[in-house]
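Contents: one structure, followed by commentary.
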Amino acid sequence: MKPEDLLKLVEAFKKIIEEIIKKPLPPWLSSLFNYILLLIFCLLAIWGGLIVISQIIKIWTEQIRPLYYNQEQKKRLLKRQRFADYIEHEIRQLNSREEWKDYRFTELEAEVEAEGKQVKFFILPFFQSTKRGLRREQSLSKALELSSERLILVEGEPGSGKSVALRHVAEKLAQRSMKDKSIKSVIPLYINLKKLERSSKVKINRELIEYFVKQELNRVNDRDIEQFLDEEFQKGVQEGTWLFLFDSFDELPEVLSSVEADTTIRNYAEAIDDFLSGFNKCRGIIASRQFRGPKHLGWPRFRILPLESRRWELIRKAELEPRIEKELNGRLRIAPQEIQDMTKNPMFLGILCEDMRDGSPFPENTHSVFENYLEKRLTRDADRLQRRFKLTPAEVRTAAEKVAFCMSIDPNLGLSPAREGIRGAMGRLGFKLRGNLEQYLNALEYLKLARSEAQIVAGDSQFFTFAHRRFQEYFATCVVLSDLNRISPRQLLTDGRWRETAVVIFQTQPPEVFAPILAEARYLLDEIAGNISGLIDDPVGYVNPETINKNLSAPKPFAWPDGLLPLLGLLQDGFISRIKELPDDIQMQAGRFLLTASSEGTLADQKWSLEVAGITPQPVLLWLLRHGFASESQWLKEVAYRQTARLSQIPDDIAADIRQALVILFARNRLNKEFFATHAHLSRLDQASRYINILRLLKWISPIDIILHIVVFCGVIGALMLARSELSVLFALFAVAPLLFMSHLTLRKFPYFVYAINLSSLYYTNLFSSSSAVFQASYTSYLRSHRKSFFPGVFPIYIRLIFFPLLWSIFAILAANTGQFTHPFWWAFLLLFPVLYFIIKFRELIKYVISKFKVIAFVTFLYLLIFVIVFWCIYNPDSVISKILSLSYLIIVVCFILLILFTVIENFISLTQDWIKWQKWLKIRPSFITAQELLNLITQYHHARFSKRLIIIIRERNSLLATEDSEQLLKELALALESSIISNERQFKMQQRKWRKYLKNPFYAIKDISRRLNLVRKSSQTLTRERVNNYSGSDFFNTWLGQYTLKDKSRLVNLGSEFLDEIYILLEQIRARRKNSSVQND
């Protein structure tokens, strides 16, 4: 487009505006319009230039720069390309040995839940930023590409495809490196940790990890590979040109023999962390099950989620016959919950597809899937087995069961034992086979149920492993099922090596089979309960609506007995899909523990309780979920979302709790920050689309509200300009503009007004939601924090009644709160929300109007009175009353503007001071600090956001010294902050009760006020001193707390729930590090 065309377009646009307003544009407006267009053109030119420059740099780096490499650089590039080819060849061979097919990776491309920093691609090149938080990605490879985190933990259930995903990433990156012409290309190094063996004399440290990595990379003992590693390994480590992919952390031989919380897990996790730290600039990824995973490292986690809608896509890619595919789709949709949960696992779904392809009927339970699949694998080649190995399928199966049992029970064998080690273990356990053990192991490898761990043909290797760990667990479980005396019930429940076996038994076997194990679980729980005093006797009675929420005392850490949480977690995993078969007394006992810990303990105790609450009685579980959603802690809400996802159908009251939690997130202006994390949590729930529609509507309310305000303001000015009144335009600028500004500014206060109305009702009547009394009572903490928001919450209603289109935002909030008309289709019709809601809730609204007739009549009268006064002033502008009201309004507006300016300036000054202190600390940031120094740093900042960022950075960099003093001071800080929050909640509830008494009996109000006047009031310093003395902490902490709250009693509470979450997460990290270091010192 030529410049003349642009000028013509601008002039045409001006003429259109002049036609609309029926008059020429004022000179100042025309000039402003020209300047804006000039600015837009300049920005477009800069943007185009940056894009061209970025493409030039990319072409130079990838295509032109390698042409000018010297001879040594070219030789190095060639070696790196050959090594990448070697890595790709290794991965392909491993895939071939495991019969890996393309559709099995597509299974793994299921949605991945990722946390950590994500690269945000702006439209301006060179100006990319990162965003922290939980999000949902469609594939692991995409998640890894978008993540800016250097160290990542990949978690997934057994059979979810973690290993396949890592090998896929390794293969694709290796293929890319083979063609890349830059010596800075990243080469993946796939390392399977389950083959890491060490002698007792070798320490678990970074040197062990480095030695094992080099050993694995040169398994073929090739001289050229060894020379390449000697020359390039350390260079690549320092330059960051390796991508370390550590697979099967949970299958480390020593980790397999450990129990829950065993120090071996932490030792290996710390060793890998040390190896990837320091001068090592490479990215690292660890794949592990969540159980026995390196949880305490604090690495961002990528969770491979269960398959949902993609199950049907994967079934199509399995290339089944149309008849079989149709039957599988139909039967799967109406299958029992146990089968549906099973097919969310990629490995199980692949087995089911292959099983039905071979002619088997649709299974009745998960155990029969494995049974049918393995039976077919053993029998389809029966003739070849007989001809080649002189063995029958039954004999091979028996051998597989005995070998798997030996590998599971002997901690020295691991998952890839030497064949001699298997032979010795079978002799010690008294297992005998007909013929030679080598025959059976070779037969299992021949059937692809096992594989060789060396680069030679099957049968000649020195090491043996099952093709997948689930096969080993299945065969070992068959031995336990055939003879339960092999493993004692207590060992199944308390020994981490047999946890998965116990879970499988609970999930697949009839009740009479696992009855002895449940009897032992009952005995263990009773034994633990006998050693704890003060447990709630009747959990179901405690959560009765008439007795709930009576305990608002200061929290005290719950003393968790050793082994209780692992035991409850095992029972939850085993019975989550068949909870009705778990005896009521065990559910009640679990409810006693968890309800006591949650109601009397700290926030951490509430979180741990909710994590294993799936086996509690339904009323207890719902009570815990309601409190989880009602909490201000996002840390606790994440667990509540995960537990709600376990429910096949979400009750109405929990659904209302979720909706109100989302609205409160909007009201607290945290929705944009928590959007991706909340979206990921909601995606797990039953009928997730309903909640996601609410989330999207809430996200768009603020932008749409701004647009509506701009349109209304322009409409007012346009109408006044048509009236040809310059004074009217000035009136719009100085009178209407502040009104609209306040309207948008106070929009987020409206939800608190809604909840205040609900809570102030003497008899609870549902107008906006069907929330339970538990949730409403819990939200007093929000109302306490925002009790000054009641009248600002009413204010936007009055303004928006004058400018009707602005009511869209109010109705959108109500729609989100009720869960009605939230689909994007209905957004354009939300101005009719009262009519639409009246149609679907006709009877309920009539009952509500009758019960609240006096209040509604009074409010309606006030509205009519305001409208009458406003219209009278408009039609009688020269009257004395109109002038007085106009002058009063002008004075109020000016005072409001001055107040806003004063507040903004004050906040800006304090914010600037905090920012300067923050930047200084970042420049001189020490490698390690003590807890005392941390508390002193917190004192320097006035805004909680800097204190929270301080905690996050210290936690991510492990900067806080892991000492007893650090743990103690963090614990005292968390308890003090949590106690202050609860204390304020209690005071607010007392004020609510008192105001209700005032309204019912005015004489009581007069009597109470006179009594208060006769009392000697304490000074604020005395109150502060008493509040400090309430915390029985160390002298240092009490002194610090007294100084911190000396000028402002609410300063501690103002740190907020987000800060409290970070403190508890940091506290967990310090405890883990202390435990690890103490063991290493021993």
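Placed from the backbone N, Cα and C atoms, the Cβ positions cover glycine too.
Taken from TrEMBL, the feature domain 'NACHT' applies to 150-252.
Look at TrEMBL and you will find 32-57 (among others) tagged as transmembrane segment.
Under the heading transmembrane segment, TrEMBL lists 700-722 (among others).
Residues annotated as transmembrane segment in TrEMBL: 729-747 (among others).
Summarising the annotation, TrEMBL assigns transmembrane segment to 753-776 (among others).
Tertiary proximity for the transmembrane segment (797-819) is limited to same-chain residues at least six positions away from its ends with a CB under 8 Å from its CB atoms, namely 655-656, 659-660, 662-663, 666, 690, 694, 697-698, 701, 704-705, 708-709, 711-712, 739-740, 742-743, 747, 750-751, 754, 768-769, 826-827, 830-831, 833-834, 837, 863, 866, 870. The feature transmembrane segment is assigned by TrEMBL to 797-819 (among others).
According to TrEMBL, the transmembrane segment annotation covers 825-843 (among others). Counting residues 6+ beyond its ends, the transmembrane segment (825-843) has Cβ neighbours under 8 Å at 697, 700, 804-805, 807-808, 811-812, 814-815, 818 in the same chain.
Nonlocal intrachain contacts for the transmembrane segment (855-875), taken as residues 6+ away from its ends with a CB within less than 8 angstroms of a stretch CB, comprise 798, 801-802, 849, 881-882, 885-886. Annotation source TrEMBL lists transmembrane segment at 855-875 (among others).
Annotated transmembrane segment per TrEMBL: 887-909 (among others), in sequence order.
The DSSP breakdown of the domain 'NACHT' (150-252), given as helix, strand and coil counts, is 53 helix, 17 strand, 33 coil.
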